[in-house]
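First up is the structure itself, then whatever we jot down about it.
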C-alpha cells in the first residue's frame, strides 16, 4: 500500500459534504436580512444570552468569545473617566419637570429613576478603571419521577475591566458557576430527587448536563495596551470612543432617537425579508431543476419567516421588547454618564408598550423596580428535535430592573406570563433567564474578579 | 493556492469586488447580502467538513451575522474577504471544539459501531479515506487546536500561508511552523498505521 499523503488523507477523510440545503441557506439569508434591517440590536441581546447556552453544542465561554461573538455582543467596557461622571448631570433637568403629560404611574418611576441616578452620580466614586461583573443564567426543567423542578444552568459569571484611556489596559474574564435549583420550591423537589449534583436537561437542540462545578476564572484576550474604547455600540456596530460617550445627549427624546428609534423594527425586518423575496423573484428562474428547486425552497422559507414576523408585529407593534433589551445592553456594557443613564430610563419608560410593573426581587435577592415590555409568544416545535415535553408555546415579557435607592441597573430577565410548552407547569412570574449585574463601577486600582461566588 | 471568487458570479447588475461590496455595505447595509451570496455555500461546506451539516447550518449563518456586524472593522489593507470570513468561521468552530473532537473520534472508530449510531455520513467518510482514515481521524482529534485550525484552512479551504495568517491573526512564519508540526504529527500517525497494516498484509 502506498503511503497516503496526509493532506490528501485529511481532504478525503473530511469529505465534501452536500451543499447547504435550500432551507438552511434561506434561513441564514433571512437572519442576515433581519440583521441588515436593524434587527441587529435584538439579536445582539439574544445572542449574548445565548453565550451561556451556545447554539448547538459545547460549553459556554471559549477563546472565541470576544472575537467571535464579541462584535455586537460583548462590548469591552471602557471608561469615560472622571470628566463624564462629574459633568453628566447638567442637562437632565429636575425630576418630573415638564413630564406632566406622562401617564400617571410612570411619573413615579421616572422621578425615582432620575432622582436615584442623580443621587448615584453625586456618590459615584470616580476612578481610573471601570469594571462590570455580570451573571447570566438560563432556567431548565429537570423531570425526575419525583417531580419536575427548575434549575438555573448555563450559569456563567463574567468580569471585565478597562482603563479610562487607551493604553491603560483591559481584560475579560469568565467562569462557570454552579447550576442550582431556581427557587426554594425547586430546591425542595431537588432534595426529594436525592439532591443530584448533575442535571441533564434539554437545551435548544440537544441534551446537556449542567453540574455544580465552579471553573477557575479564565482570562480572555487581556490587552495591556487596550482601554479607552469599546466595540459594537456605535452606529452600525462600530466602535464607540470616550468622546462618543461624552457627547451623548442626556434628554430622553434625543436618546430615544439615537438608541430606541427602532419603533418599526419588526416592520423593517419584514421589509428586508420582502426585499430578499423580490430580488429572488426578479432574477431569472434558473433552468437547472436543482437550482429551481432551491429557489422555490428559499421563497417558501422566506415567506414563512415573513408570516412569523407578521405574528410578532401583531403582538409587539412598536418593537418594545427589543427596546427593553437594548437599554439593558447599553447600560450593562458602557460606563454611561449618570445623566445619560437617567435619560435612557425616562426614555424607555415613555415608550409605548413599556410599562412600570412595580417591585420585583432579582435572582440575587435584591429588591428592585422594573419596566416590562409586552407579552410575546414563543413557539417551540420539533424542528430541532425537542422532545414532546419541551414543545409548545408560552408567552413571556422582558423586564429591566433597577435599584430604587440608587438607580443602578440590577439586570434584566425574561419572565413567564402565560405558562405553556416546557413551562406548562410553572406559574406566571417564573424566570426563564436572567442577566444580572452583580457589581459595576469605578476604581482607582486595577480591578480584579472576585473569588467569592455570587450564590 | 489562493483563488478569488469570481465577483461577476451574481451578474453585472451587482458589480464590485468583495472589498468594494463590504465598503459599500457600511453605508448601504443591504449590499452585504452580496457577500452572503458569494460565500455562504463555501463557508458552510468548510464548517460541515469539520462539524457536520447540522452544526454547519448554525455556524455558517452566524458567521455572516458576525461578519456583517464587523464589516466596519474589515481592513482591506490587511487582506481579502475570503480569509476574513474563514477567520470568523474558524473562531466560531472553536466554540464547538469538544464536538469536533467527538466527531473525529467517532470517525476513528469502526464503521459497524457508527452504523448503529446512525452516523452513515461518517461511515462513508471512513470508507472513502481508506484504512489510513482511522489513524488520521484519531490524530486530528489529538492535534492542538491552533495547529488543527491552520492545517484545515490549508487542506480544506485552500488558503495560502499569508491568507491563513490573515484569517487567524498570525505571522506567516507561525503559520508555516504550525502547519509543519501538524503535518508531522499526522505523518507519524499514518506511518505507524501503515507499518501495522503492511505487517497484517504480509501475514494474511
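The backbone N, Cα and C atoms fix where each Cβ goes, glycine too.
The annotation compositional bias 'Basic and acidic residues' is assigned in TrEMBL to A:1-14 (among others).
Outside the compositional bias 'Basic and acidic residues' (A:278-296) by six or more residues, the chain places 22, 25, 302 with a CB less than 8 A from a CB of the stretch. Residues or ranges marked as compositional bias 'Basic and acidic residues' by TrEMBL: A:278-296 (among others).
TrEMBL lists A:1-25 (among others) with the feature region 'Disordered'. Listed by sequence, the residues of this chain that lie at least six past the ends of the region 'Disordered' (A:1-25) yet keep a Cβ under 8 A from its Cβ atoms are 293-298, 301.
Across the range of the region 'Disordered' (A:274-296), the DSSP-based residue counts are 17 helix, 0 strand, 6 coil. Sequence annotations record features per position, and here TrEMBL assigns region 'Disordered' to A:274-296 (among others).
Residues or ranges marked as transmembrane segment by TrEMBL: A:63-86.
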Per DSSP, how many helix, strand and coil residues does the region 'Disordered' (A:1-25) have? 12 helix, 0 strand, 13 coil
